[in-house]
Amino acid sequence: MERGPTVGAGLGAGTRVRALLGCLVKVLLWVASALLYFGSEQAARLLGSPCLRRLYHAWLAAVVIFGPLLQFHVNSRTIFASHGNFFNIKFVNSAWGWTCTFLGGFVLLVVFLATRRVAVTARHLSRLVVGAAVWRGAGRAFLLIEDLTGSCFEPLPQGLLLHELPDRKSCLAAGHQWRGYTVSSHTFLLTFCCLLMAEEAAVFAKYLAHGLPAGAPLRLVFLLNVLLLGLWNFLLLCTVIYFHQYTHKVVGAAVGTFAWYLTYGSWYHQPWSPGIPGHGLFPRSRSMRKHN
């Protein structure tokens with residue numbers, strides 16, 4: 001007889017708690033959606049600015065040229081000074097894989113949502129295939145340079161003993177060290193990835209301006225690419241501060257910039273190429289049609 005009101009009050013309290021939690025979840029989802037929308041809009045506007053993109057090239061050059069001077073003002077025992085640090089192993093050594101995964105998803109969504117054409121989507125994704133070929137070709141070229149300029153040494157307590165072994169393979173097989181001119185492949189790859197990602201992500205501003213579908217998944221993928229681009233900039237700075245010789249880093253960055261210029265700055269503007277980012281995605285304005 002006395003338990004009825006108690007049970008009813010308990011059920012009422014439970015209902016109110018569930019309703020309160022439901023409202024809280026809705027508010028949190030609304031806030032997350034608003035932040036996602038605002039963040040993607042601002043990042044797209046920033047990366048889509050031609051002036052800021054030119055300044056970005058100057059920023060990368062300054063990082064590589066003047067960044068090594070910071071080694072005299074930073075703690076040499078920090079985690080980023082170790083070759084075995086988490087970021088170096090998990091991200092820098094696999095930078096192209098991370099870039100292809102994140103950027104490939106972004107290009108796939110942007111191109112397909114804008115055109116609904118598989119052939120056009122495949123053409124734009126082929127830029128990543130070209131990038132992979134550039135990365136592989138550059139890596140082999142760097143190894144060839146090291147082979148052609150190197151000599152075989154045996155470490156001794158008194159110093160180094162020079163051996164007349166003909167190539168690096170036989171030198172390493174004998175347990176010795178091969179020392180040649182080593183272009184920084186990490187500096188090359190990070191520079192190339194930074195320029196490539198900035199170029200590809202810049203198209204999102206124009207995509208939004210044309211009112212094309214831009215739901216939460218696409219905006220989230222875009223922001224993940226922006227975060228990865230920021231990480232590459234940070235790790236490039238760490239690389240030039242803590243690792244490699246100065247000229248090795250400068251040459252690596254110069255080759256990465258030259259590779260970007262040959263592809264995005266030159267070849268992709270030709271009709272027989274994969275095309276520049278955004279090519280064929282957006283309807284031409286009436287004024288352009290009248291002008292033509």
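Placed from the backbone N, Cα and C atoms, the Cβ positions cover glycine too.
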Both I89 and G215 on the same side of the membrane in Swiss-Prot, yes or no? no
Of the stretches 19-39, 95-115, 188-208, 221-241, 250-270, which racks up the most C-beta pairs under 8 Å with the transmembrane segment (55-75)? 221-241
Return only the integer: C-alpha distance in Å from H244 (active site) to H186 (active site). 9
Distance check, please: Cα of H248 (site 'Important for catalytic activity') against Cα of H186 (active site), rounded to an integer number of angstrom. 10
If you draw a 10 Å sphere on the Cβ of H248 (site 'Important for catalytic activity'), how many other Cβ atoms land inside? 19
Between the stretches 19-39, 95-115, 221-241, 250-270, which wins on the count of C-beta pairs under 8 angstroms to the transmembrane segment (188-208)? 250-270
